[in-house]
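The structure under discussion appears below in the form of structure tokens.
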Amino acid sequence: GQTGSGKTFTIQGDAKNPGLTPRIFEELFTILDSMDNFEVSLSCYMVELYLESLKDLLRPKKAAEVPLEIKKNAHGMVVVEGAHEIPIESLSQANKIFEFGLDNRKTASTNMNATSSRSHLVFSIVINSRNKQTGQRTVGKLSLVDLAGSERVSKTGADKERLKEALAINKSLSALGNVISALGDGKKKHVPYRDNKLTMLMEDSLGGNAKTLMFVNVSPASYNTDETNTSLTYAKRVKNIKNVAVKNTKSKQTDKMNAIIMELQGEITRLESKLEEGGVKFRRTNTNFNIGEGDEEEKEFDPDEE
Ligand SMILES: Nc1ncnc2c1ncn2[C@@H]1O[C@H](COP(=O)(O)OP(=O)(O)O)[C@@H](O)[C@H]1O
Ligand SMILES: [Mg+2]
């Protein structure tokens, strides 16, 4: 959505109306408290993309600033090398860390909204868990992304710095649009994630192994019809993306169980063909028993859900 339409408010809210982030923290800790069977550790990183350069918002004041690099780990999870990953021990600490990062966020004024941010914000919580009984480890990530405003360059003012910001924002949002188009197309073809740092940062939230929810904020004013139209067209394209999310797990236990399952599957097939030889006809309904990796309930990206 364009600047002033309520994106940041949706993510952060205020004291009276908490936004997504404080609500997510609360929900997350409620869930964790009920997971007696698991050892769970949380950590987070928070980066800002401003004029094509990345900034670590959780860098301790005394730590040296190092160049950040976007990479992917063995799970296909995006990692920002050089950015501080801070352990989260409690709900109040989570809120404090988020506030600390926000204080560091670069803001500049535009004609449209004096306090609006001209940067993209990515806040990610990495969740590592271990099942105490099976030893199975699972790693997941929850990312909150607050995008910069998508308004037309002409509305942002003639100031040279503002123009530079607007062009960088348009470039990154176009790159995001292109990735969304390629993903929504259905056919497996090249997805241009690497065209922009924003799409590199969001790669594991968009096309891969993820469940994604996108909010579109629009202005009701007729003066903003163009932007509203652009935002809704964008949203329509996002609706075409279908993601399949599976748990990132791996353990000796599941390897062993999968081997046993494969053996049993072979046994079933052998018995079935024997029965068929004897004239018995039947239909098997479930043929995929593999567990652990790649079998979690398949979930399509559906913005209408929930
Ligand atoms: N649902 C809402 N209720 C109350 N105030 C809101 C709401 N949504 C946005 N605002 C206010 O409108 C202004 C612009 O919203 P903001 O979230 O900063 O827009 P954006 O991030 O899209 O530029 C802010 O002052 C914000 O507090
Ligand atoms: Mg904002």
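Using the three backbone atoms N, Cα and C, a Cβ is placed for every residue, glycine included.
Any TrEMBL annotation is an automated prediction that lacks curation.
Quick look at what TrEMBL annotates:
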- Gly1, Gln2, Thr3, Gly4, Ser5, Gly6, Lys7, Thr8: ATP binding site (BINDING)
- 1-241: domain 'Kinesin motor' (DOMAIN)
- 286-306: region 'Disordered' (REGION)
- 293-306: compositional bias 'Acidic residues' (COMPBIAS)
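Taking every protein chain shown into account, Gly1, Gly6 are the binding-site residues, and of these the Cβ with the most other Cβ atoms within 10 Å belongs to Gly1.
Close to ligand 2, meaning a Cβ under 6 Å from one of its atoms, are these of the binding-site residues Gly1, Gln2, Ser5, Gly6, Lys7, Thr8: Lys7, Thr8. Every protein chain considered, the tally of other Cβ atoms within 10 Å of the Cβ of Ser5 (ATP binding site) stands at 25. Take the CB of Thr3 (ATP binding site) and look out to 10 A: across all protein chains shown you find 25 other CB atoms.
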